[in-house]
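> Sending over a structure as structure tokens; questions will come in a sec.
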Amino acid sequence: MVKICCIGAGYVGGPTMAVIALKCPAIEVVVVDISKPRVDAWNSDQLPIYEPGLDEVVKECRGRNLFFSTDVEKHVAEADIIFVSVNTPTKTRGLGAGKAADLTYWESAARMIADVSKSDKIVVEKSTVPVKTAEAIEKILTHNSKGINYQILSNPEFLAEGTAIEDLFKPDRVLIGGRETPEGKKAVQALKEVYAHWVPEDRIITTNLWSAELSKLAANAFLAQRISSVNAISALCEATGANVSEVAYAVGKDTRIGPKFLNASVGFGGSCFQKDILNLVYICECNGLPEVANYWKQVIKINDYQKSRFVNRVVASMFNTVSGKKIAVLGFAFKKDTGDTRETPAIDVCHGLLGDKAQISIYDPQVTEDQIQRDLSMAKFDWDHPRHLQPTSPTAFKQVSVVWDAYEATKGAHGLCILTEWDEFKTLDYQRIFDNMQKPAFVFDGRNVVDPEKLREIGFIVYSIGKPLDAWLKDMPAVA
């Protein structure tokens, strides 16, 4: 029986291994993690991450050929194929701080694999890593090999949170990068055979190691670039009276461009986009390509600009101050159908409003109060380090309350900011919300979720990103 072990039970490792176990009943799959609370959660009815369809997959396989354990060394030693799905956060200190990937967890995983292995292994990079990481990992393993052969493969994930299970069931492509040696090709074939249980052969792409590593960074950079492009156009739409939804629809009808990732918003978030672009920037700088580095930096600059522009619009519209005013925030996750708050634009928007002494009431159907307070009190990039290295008792913001009901959040509020595109926000009773808010009542729609005209008929003053401005907003100070 082939044995697979995955180091890291997070957003990538957990769902990926659950689907492999479901599709390959003859393979034993063990997900290991040093965090006991996380492993306990995977072994309970309350999984540590929210992902549509994940519960059903885990329940079907767990205890049959899918296991979750903290006994890392035992399962690594027994495995034929080891997936490494540990965090590669952005460095917060030292060389490359603020840009380069921190490979501390990857390196310690590689050293542990070398220490405990007694048989040949295929080691698979699943986390997003800088180009040439495989080379560094290979050196650690071969210098500590004790006669054991290791083959390193790159098999980057292309999951979108909120649709991860669907993406795993029907992937656009599975990418496997390996050494172009007989042993390397054999390792690639072994991993291909795992995916071939459910992925059509024409969707399994094989490349060299470096192409696979760079493809993941490039894919995320291209997606983020599209979001920043449409967000840049949204600012121009507001200035000229154009409607960004109409512009994006017209542009997306060009088959060379297509309609995906052309929704203007308050900005992109999530664990990958910013981190991977910063990593790309650092790699370009290290390879003497400053012009290329500056090009990709601009994608992040536009994203930061969009978030600050949104905050400025809120403050400017409300008589140039939100001090002491209650602002309701609907949505804190970085997008709908996930509880993930990593790099969510909501953090920057809340910080901007708190800086002007606003009172904030937050509602998100999937994010806990503890997580929100932790996110608001944490230094940038600390979110991507293991929980035990994060502040244990984050400083709670007294101006922030977290509630479990949208109507409670908006009661008595002066303004309402929609920061995540949860479907339920489209069907709220906005007449009821209006009746319970202070007047004039403002709605700032950072995800273009609501129909601005319908809300104006109720009596709201509405700002929707990239849409023609309300007469009220036109009279307020210009927002840059």
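Cβ from N, Cα, C; glycine included.
The structure displayed is predicted, hence computed values, not measured ones.
Pulled the feature table from Swiss-Prot, pasting it below:
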BINDING   8-13, Asp33, Arg38, 86-90, 127-128, Glu161, 272-275, Arg342  NAD(+) binding site
BINDING   157-161, 216-223, 256-269, 334-335, Arg447  substrate binding site
ACT_SITE  Cys272  active site, nucleophile
MOD_RES   Ser393  phosphoserine
> Would you mind listing, in sequence order, the residues at least six apart from Gly8 (NAD(+) binding site) in the same chain with a Cβ closer than 8 Å to its Cβ?
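Set apart from Gly8 (NAD(+) binding site) by at least 6 residues yet with Cβ under 8 Å, we have Val31, Asp33, Val84, Ser85, Val86, Asn87, Lys126, Ser127.
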> Which whole-number value in Å describes the distance between the Cα atoms of Thr90 (NAD(+) binding site) and Ala219 (substrate binding site)?
18
> DSSP on Thr90 (NAD(+) binding site), three-state: which is it?
strand
> Between Leu223 (substrate binding site) and Cys272 (active site, nucleophile), find the distance joining the two CA atoms and give it rounded to the nearest Å.
11
> Let me spell it out: for each of the binding-site residues (Pro259, Gly267), count the other Cβ atoms within 10 Å of that residue's Cβ, using every protein chain shown. Which one has the most?
Gly267
> Using the alpha carbons only, what distance in Å do you get between Gly267 (substrate binding site) and Tyr11 (NAD(+) binding site) once rounded?
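Gly267 (substrate binding site) to Tyr11 (NAD(+) binding site), Cα-Cα distance: 21 Å.
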> If you compare CA-to-CA distances from Tyr11 (NAD(+) binding site) to each of the recorded positions Ala219, Asn263, Cys272, Lys335, which comes out shortest?
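Result for Tyr11 (NAD(+) binding site): the nearest of the recorded positions is Cys272.
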> Which three-state DSSP class does Gln274 (NAD(+) binding site) fall into?
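The residue in question, Gln274 (NAD(+) binding site), is helix (DSSP, three-state).
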